[in-house]
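Colleague: Here it is: the structure, laid out below.
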Amino acid sequence: MDKKNQTKVTEFYFSDFPQFEDGGLLLFILLLCVYLFIVVGNAMIFLAVQLDVRLHNPMYSFISIFSFLEICYTTVTIPQMLYNLVSKEKTISFIGCLLQMYFFHSFGVTESLVLTIMAIDRYVAICTPLRYAIIITPKLCTQLSTGSFTLGFLMLLPEIVWISTLPFCGPNQIHQLFCDLEPMLLLACTDTSMILVEDVIHAISILSCVSIISLSYLRIITVVLKIPSGESRQKAFSTCTAHITIFVLFFGSVALMYLRFSVTFQPLLEKVIALMFAVLAPFFNPIIYSLRNKDMKDAIKKMFGSQKILTVSGS
């Protein structure tokens with residue numbers, strides 16, 4: 001294509017959202033309720049861990065960080081989805097699209113690293129309990145958390161900078177629920193063979209985390225099965241059930257999104273997978289950690305009980 005005749009794209013259009021009068025309102029209400037539940041539920045977990053001294057240990061510290069990340073992760077995409085459901089324009093600026101991709105994937109990578117740390121934490125706690133306090137120190141927890149955020153936000157930076165230099169001259173229709181790497185690269189007016197390299201990079205990072213987590217839990221299961229007491233065995237398993245469930249939900253949807261290379265799905269199935277990845281996995285996080293964890297339930301009840309006491313004393 002003659003570069004002189006190229007018109008630079010300044011915004012992108014989400015073409016797959018229904019119009020407001022064609023079901024957009026119903027989807028808007030449903031998605032808004034889900035988003036509010038995600039924010040409130042994960043905020044409750046985060047605050048409960050911060051306010052209850054009984055939960056001031058590495059495991060719950062990592063859970064609170066993960067809940068904070070879930071709020072940030074969904075806030076990057078869902079408000080834009082809600083806007084697209086009620087707006088006629090359904091557009092996002094070029095810079096806005098780059099920023100959405102950067103923060104969405106940066107928070108996602110950070111979450112995967114935190115999940116990996118949580119698996120290692122449970123491995124040390126169950127497989128070497130006598131050395132747990134020596135190995136998993138508060139200083140190490142701070143270093144691991146800081147490292148996860150740093151690596152998560154640096155890993156995607158080169159890729160986003162590279163995409164920002166590509167020429168986009170049309171069309172400008174994104175066939176996805178939010179700005180994502182591959183749908184945007186397909187719109188570039190240049191050679192897109194780098195998509196394969198991008199897929200390989202994502203695959204390596206995802207499979208590395210999955211391998212570490214899987215090996216940790218396999219070792220944990222092996223050790224737990226050797227525990228003679230049934231009650232102790234049940235207690236050990238119960239501390240890992242929530243983590244494993246979140247792991248399967250998160251990395252299962254990640255695999256469907258980013259470990260398929262050239263495999264394509266039907267457009268409707270593409271949207272369902274995107275919703276699983278961006279909405280449903282964060283939706284189940286507060287349910288799993290609050291309903292299946294007695295200490296967390298007690299901390300949340302205590303938090304609301306304290307609020308009632310403050311309200312009564314203030315009146």
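Each residue, glycine too, has its Cβ placed from N, Cα and C.
All annotation found in TrEMBL is predicted automatically rather than curated by experts.
Pasting the feature list from TrEMBL:
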DOMAIN    41-289  domain 'G-protein coupled receptors family 1 profile'
TRANSMEM  25-48  transmembrane segment
TRANSMEM  60-82  transmembrane segment
TRANSMEM  102-120  transmembrane segment
TRANSMEM  132-157  transmembrane segment
TRANSMEM  200-225  transmembrane segment
TRANSMEM  237-260  transmembrane segment
TRANSMEM  272-291  transmembrane segment
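Are these features on the surface or tucked inside, and what touches them?
Modeller: The list of residues near the transmembrane segment (60-82) in space but at least 6 beyond its ends in sequence, with Cβ under 8 angstroms from a Cβ of it, reads 17, 28, 31-32, 34-35, 38-39, 42-43, 45-46, 49-50, 92, 100, 103-104, 107-108, 110-111, 114-115, 117-118, 121, 141, 145, 177-178, 246, 278-279, 282, 285-286, 289, 295-296.
Beyond the transmembrane segment (237-260), the same-chain residues lying 6 or more positions past its ends with a Cβ under 8 Å from any Cβ of the stretch are 59, 66, 108, 111-112, 115, 118-119, 122, 125-126, 199, 202-203, 206-207, 209-210, 213, 217, 220, 224, 273-274, 276-277, 280-281, 284-285, 288-289, 292-293.
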Colleague: If we skip the immediate neighbours and take only residues 6+ beyond the ends of the transmembrane segment (272-291), which ones have a Cβ under 8 Å from one of its Cβ atoms?
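Modeller: For the transmembrane segment (272-291), the nonlocal Cβ contacts are 31, 34-35, 37-38, 41-42, 44-45, 63, 66-67, 70, 73-74, 77-78, 104, 176-178, 180, 242, 245-246, 249-250, 252-254, 256-257, 265, 297, 300.
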